[in-house]
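Novice: From TrEMBL, here are the annotated features:
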- A:GLU106: active site (ACT_SITE)
- A:ASP9, A:ASP105: Mg(2+) binding site (BINDING)
- A:5-187: domain 'UmuC' (DOMAIN)
- A:TYR14: site 'Substrate discrimination' (SITE)
Amino acid sequence: MGRVILHCDLNNFYASVECLYHPELKNKPVAVCGESELRHGIVLAKNQIAKSYGIQTGDVIWQALKKCPNLVILKPNFPLYIRFSKLVQQIYSEYTDLIEPFGIDECWLDVTESTKILGSGRKIAYEIKERIKTELGLTVSVGVSFNKVFAKLGSDYKKPDAVTVITKENFKQIVWPLPAKDLLYVGSATEKKLSSRAIYTIGDIAKSSPEYLKRILGKWGEVLWIFANGLDTTPVTPPLFEDNIKGIGNSITLPRDLTCYEDAEYVIRMLSESVAQRLRQQYLKCYTVQVWIRDSFLFSITRQEKLQTPTFLAREISQKAFEIFKKHWNFKNSIRSLGVRALDLVCANSFYQLEFDSLKKFKLEQLEKAIDQIRRRFGQSAVLPAILLTKSDLPCEIPLHNKIHPVAFFK
Amino acid sequence: MRKIFVEVYAHFSKEGEITPISFVWLDGKTYEIDKIIEKRNAASLKAGGQGIRYKILVRSKVLYLFCDENRWFVEFT
């Protein structure tokens, strides 16, 4: 017997939760948008009515208002969304212990074993869908299939409030006519490469030879061929272990554009403090520092460099990040968003070649650990680097947590 | 359908279970809950909210009392 995998996708998640708490808005177009004063003013989620006006996630508020002048705009309430996300997962956990979240509003569930007690995948999917509707007031689309990739396609196939079953018998009829871009890991660049070779649908990918796809797309070509033919065997992995962290990063869109190196140094230091603190929390050090820069025209670059020795020191990470920044940015354009990321992580007590001034580094490590303790007891802003007191028009709090963690399909 | 937030008197058992006993209504009077007919997780689609829903009997009238993150409200028409 093959596997039975469900992919559950909460429909218009943020907007649905808001509409649940504001029943008076039920028949109005609603969008949840970031705060425009902080220049986070884009559409994060919209309800079905707003969708019918052509409003898309990622639209800037003025664009959305142009499409629909009577759009109701709400500020996001992340703690509430996280609460609902947990409640949904509690329901899932009554059906299987193999649950893999994919963002805040999507999950894969491996119910292969549960089908022996609870009935077919389709039956479980309908039951979950109905329970989420009555108990939480939200709608969900569920894809049921024999692998994760098709289960996800299934949940996208019919929305909202629907169940789609893709079996070994019917996948050629359901999946193959879909456009190639619907397949996981086919982004706009891949789509262009494929369509220039007359590969337009998932079926076209499936019928191409894996060698040919590999020549066009590298190793991903083969992966896409496996996906398209329903041969993906990736298991549903519950996030039990923290040790598969591949990087710790933080980025921010600023309330005003950054126009000089002094501004950039300020923001890099702020982000590095957060990254370093989280590295220390996880007992990790990094070998590589990465900087992400997005300018006012929304053009972005990512650059990274290796360090001589692994570190969890904020001052070393920010020094390196600023060095990378100066090398790759000339301020022809001003900067809208900036990110710092620590990569190539190793356990904090792993061995490495010492340097002549290792004792100094050891003392600095003790110092930053002591700062962590002070921050834990008296708040994140109890101890700040002096540079963070120099600009009153830029944020100076050191964020300790990502609000929503991005996740990858391959772990 | 209105959402009326109310003050609730409840019993906390040793096992951690919460049972509402009475609540203070808009008229300032305290009303005893005669019977809890059903207790389950539910969304209040009409009044707006989500939590543990108690279907209760108060002076032979059936009401829905919700505990939404420690705030209690009654669905009222």
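From the backbone N, Cα and C atoms, a Cβ is placed for every residue, glycine too.
All TrEMBL annotations are machine predictions without curation.
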Novice: Rank the recorded positions A:ASP9, A:ASP105, A:GLU106 by how many other Cβ atoms lie within 10 Å of each Cβ and give me the one with the fewest.
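Specialist: Fewest other Cβ atoms within 10 Å, among the recorded positions A:ASP9, A:ASP105, A:GLU106, is found for A:GLU106.
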Novice: Around A:TYR14 (site 'Substrate discrimination'), how many other CB atoms lie within 10 A of its CB?
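Specialist: Summing over all protein chains shown, A:TYR14 (site 'Substrate discrimination') has 27 other Cβ atoms within 10 Å.
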Novice: Just the number: how many Å between the Cα atoms of A:ASP105 (Mg(2+) binding site) and A:TYR14 (site 'Substrate discrimination')?
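Specialist: Approximately 9 Å lies between the Cα of A:ASP105 (Mg(2+) binding site) and that of A:TYR14 (site 'Substrate discrimination').
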Novice: Translate the DSSP assignment of A:TYR14 (site 'Substrate discrimination') into the three-state scheme.
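Specialist: Where A:TYR14 (site 'Substrate discrimination') sits, the three-state DSSP reduction gives helix.
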Novice: Quick one: Cα separation, A:TYR14 (site 'Substrate discrimination') versus the residue listed as 'active site', in Å?
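Specialist: Checking the Cα atoms of A:TYR14 (site 'Substrate discrimination') and the residue listed as 'active site' gives a distance of 12 Å.
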Novice: Which whole-number mean pLDDT does the model give the domain 'UmuC' (A:5-187)?
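Specialist: Average per-residue pLDDT within the domain 'UmuC' (A:5-187): 93.
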Novice: Once the DSSP letters are reduced so that anything not helix or strand counts as coil, what is A:ASP105 (Mg(2+) binding site)?
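Specialist: It is coil.
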